[in-house]
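A.B. asks: This is the structure I have questions about; it appears just below.
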Amino acid sequence: MTTEKPRRLTLGALLHGSGGHIAGWRHPLSPPDGQLDLAHHVRIAQTLERGTFDALFIADVVAIWGHDLDSLKRTARADHFEPLTLLAALSTVTERIGLVATATTTYNEPFHIARKFASLDHLSGGRAGWNVVTSVVPLEAGNFGRDTHLEHTSRYRRAEEFVHVVRALWDSFADGSVTRDQASGLYYDPAGLRPARHAGEHFTVRGPLNISRPPQGNPVLFQAGSSETGKDFAARHGEVVFTAQTSLEGAQAFYTDLKTRAAAHGRRGGEVLVWPVLTPYVASTEREARARLDELQDLVHDDVARRLVQDNIGDLDLTGYPLDGPVPEIGATNRSRSRQDLLLDLARRENLTIRQLALRFATVGSVVGTPATVADHIESWFRRRVADGFNISFPYLPGSAEDFVDQVVPELRRRGLFRAEYEESTLRGHLGLPRPAGRPFTPSELSEPSVSPVSPVSSRVDAEAGTR
Ligand SMILES: Cc1cc2nc3c(=O)[nH]c(=O)nc-3n(C[C@H](O)[C@H](O)[C@H](O)COP(=O)(O)O)c2cc1C
C-alpha cells in the first residue's frame, strides 16, 4: 500500500520580464529593456533559485494581446520571448529550479510539443514543466489560418486528444532501451521503441518521437482550467493547477472541488497540487508596502484601464462608457468564462466603476504588507488546505522578487514551512510527484499501418489498448 508523503509548501514564480503588474515596466527600478534582456532574466532566475523556488513559469499568448494600439502602445505585452527558447537559455545558468513553459494545444501539433518539452527536460536534467492551455485569447486564431477562435468545448476536446498523443510520444522509447553501447555499436535496443500509431478526431500521428524518454518520464503538467470543462480537464491531467482567486471562500471552494474531481479519476490529493496566484507587495511596514502598490497603480493610464476590463470581460465595447461610471451588463461569450465571471462578480459585489475594476483586476490575488503579513497569508492558506503552494507574480522585476526571496522566504523557512535547500534535482522531485511508469511495452514494427479512427475525445494509442 502506498502512503502519502507529508504535505509540503511548494512555490512557483511567474516570470514576466517587466513584472506582473500591467504598469510594472514603467516602475523606476524596472529596466526599460527588461522584456528582451537575457541578463535581466538570468538575474531573476538565479534569485528565485537562491530562494529555493520549485519552479519558474512563463505565461504565453501566441499573438499580440489586443488590437487597440491606444492601450497596447502603453504596455510591454507586445514584446516578449517565446517561452521554450528562453527556458532553454535559462537551463544553462540554473541547476535546480523547475522550468515551466506555456504552450497551447489549440495552435500547435502534438509532435512539436512532445519533442520540445522532451528536449527541455533533457537539457535541464529533468526540470521541465508544460502549462497546457487551450488559448485564452481569441486573437490567436488569425495567426493560424482561422477566422474565428475555436469554440470553448471544442478547444478542450482537442486538448484532451493532444495531451494523450504527447504522452504516448514521450513514451516512444522504453526506459533503459537507449543504451548507447559504444563497444557493441548498438545505440538503442529496437525492441524498446514504440510508434504512437494514433488516429483520432484531430490528429493522426505515427511516431515514435525522435528523442529518448524525458528524464522525468513526462515533464510535469500544469493547467489552469476554471470552467466546468476546464476543471474536469485539470482534474484528469493537471499535476499543478493554477487558479486566480479573489477571496478565501472562492479559493477554498476551488480547492475542494478540484481535489474531489481528481479523486473521482483515481488520483490522490498529493498528485494534484493547487496553486493560487499571489502577488506580494512587501516592505518593512504596512504603510510602505501600500505605497509600493499605489505607486504602480498610479502608473496605469486611462486607456490601459479601460482595455484591461474590456479585453478580459468579453465581447463588449467599452468605448464611450465613462471610466468612473458603472460596469455594464453583458451576456455569455466565447471568452474565458471563469475570467469573465470573476470580473463581473467582483464589479457587482463591490459596486465598482470601470476604473476601479481595472485597478482591482490589476491586483487580483495581492497581499500587501510586511514579510510576516505575507508569510501569515501563505501559512494560513496552506494549513487550511486552500492552497498547496502559490504561483507568485512579482509586480515589477527584479526588485519585488529580490524583496520576496530576501524577506519572505527566510520567514517561511523560520516557520518550518519551506525548504532551506533543495533536496531533489528534478521538478517532480521538488513537488513530490511520482515519475510516470510509462506505457506497458509491446514490441511492434515501425512500418505497420496506423490503426483506424478511434473515439473522439479519449482516442486511444494502440500500445495502451493492449497487444497487437
Ligand atoms: C495563473 C494563470 C496563468 C495562465 N496562463 C495562461 C497562458 O499563459 N496562456 C493562456 O492562453 N491562458 C492562460 N491562463 C488561462 C487558463 O489556461 C484558462 O484558460 C483560464 O483559467 C480559463 O479557464 P477555462 O479555459 O476553463 O475557461 C492562465 C490562467 C491562470 C490562472
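Every residue gets a Cβ built from N, Cα and C, even glycine.
Automatic prediction, not curation, is the source of TrEMBL annotations.
For reference, TrEMBL lists these features for the protein:
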type     : residues                          : note
DOMAIN   : 21-384                            : domain 'Luciferase-like'
BINDING  : D60, T102, H152, Y156, S226, S227 : FMN binding site
REGION   : 429-468                           : region 'Disordered'
COMPBIAS : 443-460                           : compositional bias 'Low complexity'
A.B. asks: Got a sec? Which of D60, Y156, S226, S227, the binding-site residues, have CB under 6 Å of any ligand 1 atom?
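C.D. replies: List returned for ligand 1: D60, S226, S227.
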A.B. asks: Across all chains shown, how many C-beta atoms besides its own are within 10 angstroms of the C-beta of D60 (FMN binding site)?
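C.D. replies: For D60 (FMN binding site), the count of other Cβ atoms within 10 Å is 17.
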A.B. asks: Three-state secondary structure of T102 (FMN binding site) from DSSP?
C.D. replies: strand
A.B. asks: Highest Cβ count within 10 Å among the binding-site residues T102, S227: which residue is it?
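C.D. replies: Sorting the candidates by Cβ neighbours within 10 Å, the top entry is T102.
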A.B. asks: Quick one: average pLDDT across the domain 'Luciferase-like' (21-384), no decimals.
C.D. replies: 94
